[in-house]
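Peer 1: Taken from Swiss-Prot, the feature substrate binding site covers I88, E89, S90, H229, E230. According to Swiss-Prot, the feature NADPH binding site maps to S90, K91, R258, G259. Sequence annotations record features per position, and here Swiss-Prot assigns active site, thioimide intermediate to C190. Feature annotation from Swiss-Prot assigns active site, proton donor to D197.
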Amino acid sequence: MSSYANHQALAGLTLGKSTDYRDTYDASLLQGVPRSLNRDPRGLKADNLPFHGTDIWTLYELSWLNAKGLPQVAVGHVELDYTSVNLIESKSFKLYLNSFNQTRFNNWDEVRQTLERDLSTCAQGKVSVALYRLDELEGQPIGHFNGTCIDDQDITIDNYEFTTDYLENATSGEKVVEETLVSHLLKSNCLITHQPDWGSIQIQYRGRQIDREKLLRYLVSFRHHNEFHEQCVERIFNDLLRFCQPEKLSVYARYTRRGGLDINPWRSNSDFVPSTTRLVRQ
């Protein structure tokens with residue numbers, strides 16, 4: 001369990017509790033979680049973070065009424081900046097989106113502006129929102145992570161408790177390489193409910209070559225680890241930066257959806273540009 005799992009900042013969350021579903025607009029349903037909870041223990045300060053990035057959300061269950069009462073549906077794309085004070089707690093996000101269901105809006109842009117305003121207020125940071133009509137996305141191909149998949153290794157694993165031990169001496173030689181590694185075996189668990197979170201991860205770096213077996217063992221050790229998606233990605237980034245000391249590093253995870261939402265955080269210290277096309281499990 002993470003050291004801050006019982007922090008008072010988490011006590012008021014609806015996550016893990018029985019809740020009523022409202023279908024009329026209510027911005028107060030949104031709840032934020034301070035990013036400092038997992039940054040402070042590592043000595044990471046908001047004015048001197050070793051990375052940049054965003055939390056990319058896809059909203060698959062978004063519906064409201066137009067001015068005449070006719071239901072509208074859209075797919076939403078949200079990007080929440082890494083500098084925001086809070087991340088958005090996903091169950092509260094789902095409950096908030098449900099509150100749009102029987103609410104009338106004059107037009108699509110009013111919905112977009114409402115989402116952007118409320119999410120920015122909750123996160124205390126920069127948020128951008130785009131809404132897509134279904135016919136804009138129909139026929140869109142399933143994407144994939146570019147890079148070398150490290151999953152097909154003939155190794156024995158019998159320990160699934162999180163540890164950074166595998167990253168000790170995980171680099172070798174003096175030759176500098178530039179490569180992109182991919183794994184679909186990332187599984188962590190919700191910080192509060194301990195429900196499983198399934199994801200694929202892409203690690204792009206320039207530096208001394210990272211031992212792929214040790215890296216895979218490290219990623220598999222998240223299997224019993226309890227943290228939010230965004231926190232796991234930052235943990236992986238910082239662990240790799242600390243132990244492997246690459247010149248450039250980017251870590252990008254795309255998680256499967258839950259409650260009509262998927263979360264796709266990325267962190268980088270280079271000019272990394274993430275692909276936003278959904279993967280096969282999304």
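The backbone N, Cα and C atoms fix where each Cβ goes, glycine too.
Help me understand the surroundings of these features in the structure.
Peer 2: Within 10 Å of the Cβ of S90 (substrate binding site) there are 24 other Cβ atoms, across all protein chains.
There are 21 other CB atoms within 10 A of the CB of K91 (NADPH binding site), with all protein chains counted.
DSSP assigns D197 (active site, proton donor) to a strand in the three-state reduction. A C-beta separation below 8 Å, combined with a sequence spacing of at least six in one chain, links D197 (active site, proton donor) to K187, S188, N189, C190, H229, C232, Y255, T256, R258.
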Peer 1: Which residue among the recorded positions I88, C190 has the fewest other Cβ atoms within 10 Å of its Cβ, if you could check?
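Peer 2: Checked I88, C190; of these recorded positions, fewest Cβ neighbours within 10 Å: C190.
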Peer 1: Around the C-beta of E89 (substrate binding site), how many further C-beta atoms are within 10 angstroms, looking at every protein chain?
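Peer 2: Total other Cβ atoms inside 10 Å, all chains included: 21.
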Peer 1: Using the CB centroid of I88, E89, S90, H229, E230 as the substrate site centre, which other residues of the same chain sit with their CB within 8 A?
Peer 2: V33, D55, L87, F93, F228, I263
